[in-house]
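In TrEMBL this protein carries:
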REPEAT    100-132  repeat 'WD'
REPEAT    179-211  repeat 'WD'
DOMAIN    295-583  domain 'IFT80 second beta-propeller'
DOMAIN    614-718  domain 'IFT80/172/WDR35 TPR'
TRANSMEM  717-737  transmembrane segment
Amino acid sequence: MRFKTSLLKEPKHILFCVGWTTADELYSCSEDHQILKWNLLTNETVVVVKLQDDIYPIDLHWFPKTVGGKKQAAAEIFALTSTDGKFHLVSKMGRIEKSVEAHRGAVLAGRWNYDGTALITAGEDGQIKIWSKSGMLRSTLAQQGTHCTFNCFTPHNVRITCHFLNSLRYMTLQTEQYWKAHDGIILKVDWNSMNDLILSGGEDCKYKVWDSYGRLLYSSSSNDYPITSVAWAPDGEVFAMGSFNTLRLCDKTGWSYALEKPNTGSVFSLAWSADGTQLAGACGNGQVIFAHIVEQRWEWRNFEVTLTKRRAMQVRNVLNDAVDILDFRDRVIKASLAHGHLVVATSLQCSVYSTKNWNTPLIFDLREGTVSLILQAERHFLLVDGGGIYVYSYEGRLVSTPKFPGMRTDILNAQSVSLSNDTIAIRDKTDEKVVCLFDAQTGKAFGDGKPLTHKMEVMEIALDQCGPSSDRKIALIDKNRDLYLTSVRRLGREHSMHKIGTMVHTMAWNDSANILCGIQDNQFAVWYYPSAVCVDKDLLPKTLFTKDGSEFSRTPHILNYVGTQVTVRRADGSLVYSSVSSYPTLLHEYTGSARWEDALRLCRFAKVHLLSVCAWNRVDKVQYINFIKELPSKESSLAHMLLFSGHVQEAEATLLQAGLIYQAIQIHINLYNWDRALELAVKHKTHVDTVLAHRQRFLQDFGKKETNKRFLQYSEGVIFLFLILLFYIVFLILLILKESEQSSET
C-alpha cells in the first residue's frame, strides 16, 4: 500500500489549511486573504473570494453534510478561524455570514461536532470554548496560561484532545488525562472516533500514537525535520504524516506503509476526503499536494486482489498464475475478500464477484455511497455507511437493516461489529458494556430484545461461523483483556459468561469450524472446542493448544484464520503465518455430520483430545451420558443434560414443569442439596420420608448426628406418624386375630 501523489502547478499561495467539500472538490485558505476552490475532475482552480485585508486565515472546518444518512440543511458553510481573535461562518460562495469575537489573540483551531450542533474553538489565550451553531457562547472548557490547539469530537459527551506546548490533554465531561507527550513543542494532534486513538507530532521530529488513557502505543524514530501535520483516515485504519518534503502513510499501530519525498516544503495541514480515498496537503511552497492510496491488497486462500488504480483491480490466482483485471465506473472505496466472494464498494455502486467467475459481477446501487465497513459471512455480507447497517445476500437482495436506539454507524468498525450466517452483534458505543444481538434474516433483536450486558467495557467481539443458530456463540475481550464466551440464545435465562482466557490481545474464529485462536500474553493459543466450557469447564484445558508466541513480537494483530492458516500482523508491519493442525477441523466436520465412527478413528490415530470424543478417558462422564440416553422421557433427558452442564436451577425447573416431582427431589439428594430437597418435598407434600431416610444414611456413613433444626423437626413428625401407623397396624392385627378366634368357636 502506498500513496500516488500529484501536484497542480498553478496557482500558488502560502497555504495554511485545506478542507474537502466533496471527494472531488477542495477549498484552501492562505495568508494572501484568498479562498481557492480546487476541482480534481477538471484540474481547475478558481478564486472563491478575497477576504478583507485584516483577516489572516489559520484553520477551516466544513459543517457536517449528513447525520444518520440525512443531509443537513446548513451543510454549505464552513468555520474559518483567523489571527484577529475571531471565527467566521463562511458560505460555499465565499460570503461571510457571521463573525464572532472568540479569543484574545489568534483562534488557532475550530471544529464542528458530529451533528453540527456545536463549534469548539481554541486560542492563543489558552482557552477552549464551545459555541452554538449560531455563534452564541455556551461554555469555556479550559483555561491555560499557554496557547493550545486540539481535535474534538462530540457524540453525546464532549471529547477533546488538546495540546499545550509539549503536553497532551484528553478531556471528557467525566474524566481528564494530562501527560507529557514530546520533548519539544507539539505542532499537530488528531484523534479518531473509530479506534479511539490519539496521534501527535512535534518539534522533536517524532510522531506518536496514544490510547485515550495516555499510554504510548507507538513512537517513531527521529525524523530529519519537525512533524508539521498528522491526520487520521476516517475509518481509523491508517494515518498520514507530513513534514518538510515528506509525506508518509502509516498503519494505525504506527509502522510505515510508504514514504514519499515530494518537493513541497513543509506540509502544514492534511485533510482526508469523507470517503477516505483521497488526501490533500497544504504545502509551504504554495501548492496543494493530492494523494490517493494504491497497491492495497486483499488475500483469501489462493487468491490475491490488488488495487492498481482508483478504478481498477488485479486478481491473481497463485496456483496457476491466472490474472484478471476488474474495472469499475467509479473509484473504489472499500473491498473485502472472503468465503469465495469479493465485495467491492465504489462511490455509487456495490459489485459482488464470485471467485469461480470474475467476468460477470452482480452490481447494485448504494443508498448512501460512503461505505465505511464490509463484513462477510458464508451466506451474506454486511455494509455500514452513514445511513445505516445493511445485510445483503450474495445475489444482491437486501436481507435486513438492523437498528437500535442511539445507533451511530459512523463509529462502527470490525472490532465492534460481527456477522455470522444467522446473527449480527453490535457493541453499543453509548454503553460499551452492552452488545446488541440481532437476527440476520429479519434485523430484529433476539428474544425480548434485551441485549447482552457484560460487567466491564467490551473492547472486541466475534461470532463463531459454523453450526446451527441455536448453538451460536460469541467471544468477547473486555477492558481487562479477559476473553469470555457465551451463547447468543438465552433460552429464557440470563447470559452465562464463561471466562476462557486472560491477557488476550487479539482473537479470530476459523472460517470453516468453530475453532478460536488468540494471542494470550506471550503465547499463541488455539481453543479447539471452546464450547466445552459451556458443558463442563474441566474439559476446556484438554481442548487448548498453546505454543510460544515470541515470533509475533509485541502487540501483534490476527488478521484472519482461514483453513489451517492463521495470518498475524506484527508491530513492525510484517506478516507472519502460523499453521494449525488440520485434525481438529476434520473432527468438527465428522461430528457435525454424525460420522462418529470416523471421528473416533481419527482421535485414535491422531491422539486428539477434543470434547466430542475425548470422554473415553473420563469414565464417570461416559457413564452419565449413557444414563441420560436411557432415560424414558424427553423432559428427563433435557433436565439431566442441563444438570450435566452445571445448570441445576434450569434442570429443576424443567422437571417440575413436567410434573416429575420425585426426579427433581432426587437430583438435589444426589448433589447433597439437602435443604432444597426437603423444601421441595414439603412444598409438594410427597417423599418427605425419602429425603429424611437418605439424609440419615448420609450422616451414618460419616458418623455424624443430625443438627439441622428443620430435619430434626420433620424427623420427629415422621417418627410420631410412624408410631401412629405402627399402633394402627397392631390394632388391625389384633382385630383380625379376634375375629378369627370367634369364627373358630362358632
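Just so you know, glycine gets a Cβ as well, placed from its N, Cα and C.
Given the structure is predicted, the values throughout are model-derived calculations rather than measurements.
Across the domain 'IFT80/172/WDR35 TPR' (614-718), DSSP classifies residues as 80 helix, 0 strand, 25 coil. With DSSP states grouped into helix (H, G, I), strand (E, B) and coil, the repeat 'WD' (179-211) comes out at 0 helix, 20 strand, 13 coil. For the repeat 'WD' (100-132), the DSSP counts in helix, strand and coil order read 0 helix, 20 strand, 13 coil.
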